[in-house]
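What TrEMBL lists as domain 'ParB-like N-terminal' is 21-111. According to TrEMBL, the feature region 'Disordered' maps to 219-257. As annotated by TrEMBL, compositional bias 'Acidic residues' applies to 219-237.
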Amino acid sequence: MAISFFGKKKEETSSSVNQVVMVPVAAIVPNRFQPRKVFNADHIGELASTIEQHGLLQPIVLREYEDQKFEIIAGERRFRAIQTLKWAELPAIVQKMDDHETASMALIENLQREELTAVEEADAYQNLMKLNGFTQASLAEKMGKSQSFVANKLRLLKLSQPVQEAIMNHEISERHGRSLLKLDEFNQQMVLHQILAEQLTVKDTEALVASIINPEPAVEEEVADVEEEPATTEESTETPKKAGKKKAPKKEMTTADTKVAVNTIKKSIELIEQSGIPVSAIEDDQKDVYRITIEIPKK
């Protein structure tokens, strides 16, 4: 699928198109608008082995942004693999592009490969919108996507940075991330910690988020059973009073529940420390209870 985001197609002579030249590796820099944030070292190593055995079958695409200085338009994974092989130069196609065209081309090239994580894809959409002045609707039309698809991806950028990084590192799924959008940044990180610690499914995560947003109300104390005297005729004609609410059956605590509670408190303390507030905690693991005393200065 070829996509042009530029106002008009640049006229190029056939001699300047797809002309392969050798370029010093040291003169090449990555694209500033590269949407891919995470490069798997194992995959780069496998690609390097393939290139070492069979050569670079597809030259990378560059543009000369200064005299004898080149920026990658397409092929950063191949470039990184070649760097590990310590090649002095590599075959490349050098095209004439300005900053705007280079950025758009790099974003489009990566989006079409469908190897980006959901967060990287969202970031690419956002950059394309900024670079070209697109609305969600116009971008979706040019990308052959529905507007709701683009909108849902962009919403992932509202997640806290640790959650976005967890998605990019494949620690949690995109659906896990979506379920956290209803929470503030603090609770997002709390739930993220619990997802990773307990390997929560998406369904488990959604239930946990719902319990944070709408916690169950405290149950009133059960009214003590008192033997009542037979009602008189006068009493029996009065409007009946509301009966006291019965206490819900108490859930039995397990060792796993205790560990979850302790880990949640510890994570909360870490987040408080990261926010710059001094806090100290003393732990006391006894036979029947696990006591944590937390001290936070008032000033």
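Yeah, the Cβs are placed from backbone N, Cα and C, and that goes for glycine too.
Nobody curates TrEMBL annotations by hand; they come from automatic prediction.
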Compute the average pLDDT of the predicted model within the domain 'ParB-like N-terminal' (21-111). 85
Helix, strand and coil residues within the domain 'ParB-like N-terminal' (21-111) as assigned by DSSP: 40 helix, 26 strand, 25 coil
